[in-house]
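Have a look at the structure below, then the notes.
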Amino acid sequence: MAKKYAIVKELDEAVNLKDGTTVLQFETRLQGGLECGGAYLKYLSPQDAGWKPKEFDNESPYSIMFGPDKCGATNKVHFILKHKNPKSGEYIEHHLKYPPSVPSDKLTHVYTAILKPDNEVSILIDGEEKKKASFLSAEDFEPPLIPSKTIPDPDDKKPEDWDERAKIPDPDAVKPEDWDEDAPMEIEDEEAVKPEGWLDDEPDEIDDPEATKPEDWDDEEDGEWEAPKIENPKCEIAPGCGEWKRPMKRNPAYKGKWSPPLIDNPSYKGIWKPQEIPNPSYFELEKPDFDPIAAIGIEIWTMQDGILFDNILIAKNDKVAESYRETTWKPKFEVEKEKQKAEDEAADSARLAGFQRKVFDVLYKVADTPFLSKYKHQILDLIEHAETQPNLTIGVLVSIVVIILTIFFKLIFGGKKQV
């Protein structure tokens, strides 16, 4: 069942994102994986932007949203910047294009976003750079932070006589006199000849001669009993049965419905587009006008539990974030990875043990067959030896197969002599 969670922590002092480098980093562990839900953080704007900690929800204004989100076709590490348009005063969400995917395991991973003074942002997962982008590039953010200089004129309308058809039917074309629109697509092949041996009087199916009426069949309740049908054995050796009909072939006179050929449209003007006008919302920007970070909030919708957050860090030096990764995240990750490896190996061993148990059960049944009665004790000794040393299972299978083949060939080529 889907649930929504929200918790917020105010910072002692707001963090200014406009000066120098800023590093946002946190660890998260998806103990049950992430099938549908989020595991991201919201870096909230100061309270004078219109929110209160006790009222923190989806509408609370934020500067940056960063972290994993996955559901259906969505599988990405979000990086969303809320930026104020200096012309309109409107806050707009700008999404990083082509963000990296969320790791698919259940281990702890560390997510890092480095905001640099040269307008560049780098996204790292476990210390490895997965994405680099420029805040001012239209290729990296959607919509771009800097609007286009021109926009289509909303008041421009397509003229009524504007012709967008590149081709038109030839108005001078005339249907040929010999064009028969009613001619069928297929006709009988008059040259076809009935194959020799064709059984005209034999049906494709006949009553099953071996079928008998069930003893408990009641004609009054079940109706008149009819034998089930089988394929007529006489038809299997004959070219065919039943009434022979000439096969159909394509009609050479078929032309279908006539339509005039297409010619270049002399009135064609191309696909109409409104003319471009100066964008009233356009502005130039040397650096993003980031709002400060006054609090950190976890506000997620998810259909799973077991999402853990740890070591949430805001730093002005990427070396500090790197140090945290090496001293806090990496040792934890290595321990989890080894534990996961051991659990996977144990699960594989359990599956193998289950498979071997089934094999041994089959071998015991094989040993009880009358065909192998003289060799039963020999086979049972092999099976019991293999049960004490499961790694010998394949060898035991081979040995038993050899015994069976030996007996088989002995009976074929050696009469009833003993092996």
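For all residues, glycine too, the Cβ spot is worked out from N, Cα and C.
According to TrEMBL, the feature disulfide bond maps to Cys36-Cys71. The region 'Disordered' annotation in TrEMBL covers 135-226. For 152-177, the entry in TrEMBL reads compositional bias 'Basic and acidic residues'. The compositional bias 'Acidic residues' annotation in TrEMBL covers 178-191, 198-209, 216-225. Per TrEMBL, the feature transmembrane segment maps to 392-413.
DSSP labels the residues of the compositional bias 'Acidic residues' (216-225) in these numbers: 4 helix, 0 strand, 6 coil.
On its own chain, Cys71 (disulfide bond) has Glu35, Cys36, Gly37, Met303 as residues at least 6 apart in sequence with a Cβ closer than 8 Å to its own Cβ.
Counting every protein chain shown, the Cβ of Cys36 (disulfide bond) has 14 other Cβ atoms within 10 Å. With DSSP states grouped into helix (H, G, I), strand (E, B) and coil, the compositional bias 'Basic and acidic residues' (152-177) comes out at 0 helix, 4 strand, 22 coil.
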